[in-house]
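Engineer: According to TrEMBL, the protein has these features:
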DOMAIN    16-119  domain 'Thiamine pyrophosphate enzyme N-terminal TPP-binding'
DOMAIN    239-362  domain 'Thiamine pyrophosphate enzyme central'
DOMAIN    433-556  domain 'Thiamine pyrophosphate enzyme TPP-binding'
BINDING   Asp492, Asn519, Gly521  Mg(2+) binding site
REGION    609-648  region 'Disordered'
COMPBIAS  610-635  compositional bias 'Polar residues'
Amino acid sequence: MSLSYSQINKLPPRISVGEYAFHRLRQLKVLTIFGLPGEFSMPLMDKLYKVPGMKWAGNTNELNAAYAVDGYSRLKRLGCIITTFGVGELSAMNGIAGSFAEHVGVLHIVGMPPTSATTKQLLLHHTLGNRNYEVFYRMANDITCYTTMIVDTDYCADEVDMCIRMAWVKQKPTYMGVPSNQIDLEVDSTRLDIELNLQLDSLIENANIRGNDDLIEQILDNKKQDIQGRIQEDLTKIILKRIYESRSPAIIIDACVSRQGMMRETQLFCELTNFPTFVTPMAKGIINEDMPNFGGVFTGSISSPDVREIVDFADFIIVIGCVLEEFSTSSFHFNIKPKNRVLIFDNSVKVKNVAYPDINIKTLLKNIIFQFDQSNINYSFERKMDIQIPKNQITRDQLLRQEWVWGEFSHWFQPGDIIITEVGTSAFGIMQTKFPKNTWGISQALWGSSGYSLGACLGASYAARELEAEANIYGASNKNSLSHRVILFVGDGAFQITMQELSTIIKADLKPYIFVMNNQGYSIDRFLHHRSNAKYYDIQQWHYLSLLSVFGATDYETRKIVTMGDLQDMLADRNFAINDKIRMLEVMVPSMDVPQAIIDKWQREKEGSNIINENDQPHSTETTNSDLLSWSESPLTELEPDRKKRHL
């Protein structure tokens, strides 16, 4: 007879609700907690060290902690952040909103003043001075899928379980306020012997967690399950019918595939149908890009001509893991027309304009795969959709350009890599690359908060370390079992926003590659807004490569990459490919140089408005002497002597 969880961990019959929460997280392999200590949260944090294997990250500020827990959760499906009441939780709110927008499961625990202060309406610090202790709790309602406060002795463990389940299943943040005097509420430790039900079907909207087992409600629940089963079956037949009838189909993979843990089912579906398959920017890395039917990244209005030729003229499109059916940014937009489309969201499906709510999409996809009959397919796969990543024929002394940089990195990536890109030129440049098999991609394409990526790099590095440790223990055979290099591409402007988290990375002895793409300011905004000379896009130039030493790193590597030869030598160095130390690389690119997709969009807009003038022209991919002279004379960068010297 096997021992239970409480027996293995030698737990007493009663434990505090604080310990209970951390044990629940540990059971889901959430081992690192992010955040900052505060007066009202420290009693809870003391419980963390009573649970074996749990670690405290200790961030430099709450916003960075929210970015870090987001990056961590994208790899482990759930993360936890602890902040203090008022000032702490509000600092984290931007990051939590990003997790809500991009479907990332986060448990946000807030240490709150004791209930006596609330009852007596005392005037405490960290309040608005109006004796209202619920104002921040109410603010959280709109950017979380579930909010609660631990105030009920009888149901405190139920509330902890519900917060964790909702964050895991719905892949959205949840909010749990814990008054400092409630931390030691005792709960039965044997509850931990029963695993949480983390199936999507287990959550019924507005369910009463107080344990109402009335017979009528049970009958209604059974009827609902029967109805849902019939809907699933009907929906499976409808989708298969459209799959069989289509002659020019396309599959688009979106972010909710990874959020809902459907990577294997989605990969199998794409291989079985052999339909042309594309990913959105938020989904890059989810499926194997070595598939012969993989066609690249679908970015709507700025997709490559080859991608648009297939998607725009498809007679049937199925979007798996759809986040939004319409998406518009300052740089691109897409809108898949309703005609003969199927949109599979995280918990619903839309066929043409008919919506089917409360659908377990993982079960649906399994049903489609199980019932799929290859002989009924009308589509004939014609050719392998190769994504050409050219080897650049550029002289070694040539100064770098965006187009050349990303092509070189495509050949350097390896299976198991976790590649993080900041919003801006890096996010568009990475779309031009081809990922090896079993590679993760992390970006914040929808919320797009500048500075996100460095915090996410910290969280992803913690998660990568844990995944490798789990693989050693459990002998995993999937991509979790690979060695993981964490690779960050971040612009100099975004880096300056959250650079303090470099200190936390060093403190934790994490070993990411940090490529600072130095284009002397906010290049993507400078370019898209056609204000190349506006001073508000400029930033103070830092000695970036000195920061590792400033923050106390002792085992590290830094390089400044100026020419094509510098880049090629670095990527050809076998020792450089081994992630045995933290590395910071400063990659110098021109301030008005952007990936080709953005240049094409700009040119189309300019041609449409007939306002192109010579001052607005972007840099072409051909390097001229005048280009080199303009770079060398630019007052924006400290690199002028280097550039001019190399040119001469």
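Each residue, glycine too, has its Cβ placed from N, Cα and C.
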Engineer: Just to be sure I understand the packing, how many Cβ atoms besides its own are within 10 Å of the Cβ of Asp492 (Mg(2+) binding site)?
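Structural biologist: Its Cβ shell of radius 10 Å holds 25 other Cβ atoms.
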Engineer: What is the total of other Cβ atoms whose distance to the Cβ of Asn519 (Mg(2+) binding site) is within 10 Å?
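Structural biologist: So the Cβ neighbour count for Asn519 (Mg(2+) binding site) comes to 26.
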Engineer: Could you tell me the mean pLDDT over the domain 'Thiamine pyrophosphate enzyme central' (239-362), as a whole number?
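Structural biologist: The average pLDDT of the model in the domain 'Thiamine pyrophosphate enzyme central' (239-362) works out to 87.
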Engineer: Around the Cβ of Gly521 (Mg(2+) binding site), how many other Cβ atoms lie within 10 Å? Please give the count over every shown protein chain.
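Structural biologist: Counting Cβ neighbours of Gly521 (Mg(2+) binding site) within 10 Å gives 22.
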